[in-house]
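Each remark here refers to the structure printed beneath this line.
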Amino acid sequence: MIGRITGTLIEKTPPVVYVDVNGIGYEIDVPMSTLYALPDTGARVTLFTHLVVREDAHLLYGFGTASERAAFRELVKVSGIGARTALAVLSGMSVAELAQAITLQESGRLTRVPGIGKKTAERLLLEMRGKLGADIGATPHAVPDSQSDILNALLALGYSEKESLAALKTLPEGLGVSDGIRQALKALAR
């Protein structure tokens, strides 16, 4: 498998770029976010890649960061999401925005992406729940240590992540874990 390519950028024709590596020109499909981040032609570039081998073609997909590639790999595992749709998702939002949409179960943000309807967005949210995190580089709800303990306690008590995060926002700074849990439960009871 080809995991990374470093070479000279010879052409940018959205959504494809061509990278010359020792006389071999690789055709690589990239999301628009990666395309816009690339330097002008003639510059040296490094792309993290994902190779798809089909009966009729070998397709190479490129990404500016390893976290984009990891998100792409998770997206194509969702039933009904192919490589083209996964590229469209990553063209329409950053990995952090995608992780946040999944965490907060915001199907409306996903339906703004061309090719993603309501049912596909809901399936994507269901199948990707909990799969994009710090290892992907997305921290959509980074919280201090004491607040993460409070969040974990609320989740263990059966509250949804969305409800728990909303309750955390009502807590004053510097609150201890036990007092924080108590106040968060009061906020959730309202």
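First residue shown is number 1, and so on along the chain.
Glycine too: its Cβ is placed from the backbone N, Cα and C atoms.
According to Swiss-Prot, the features are:
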{"type": "REGION", "residues": "1-64", "note": "region 'Domain I'"}
{"type": "REGION", "residues": "65-137", "note": "region 'Domain II'"}
{"type": "REGION", "residues": "137-141", "note": "region 'Flexible linker'"}
{"type": "REGION", "residues": "142-190", "note": "region 'Domain III'"}
Reported mean pLDDT - the region 'Domain III' (142-190): 80
Per-state residue totals over the region 'Domain I' (1-64) - DSSP helix, strand, coil: 6 helix, 38 strand, 20 coil
Secondary structure composition of the region 'Domain II' (65-137) [DSSP: H/G/I, E/B, coil]: 48 helix, 0 strand, 25 coil
Composition by DSSP (helix, strand, coil) of residues within the region 'Domain III' (142-190): 34 helix, 0 strand, 15 coil
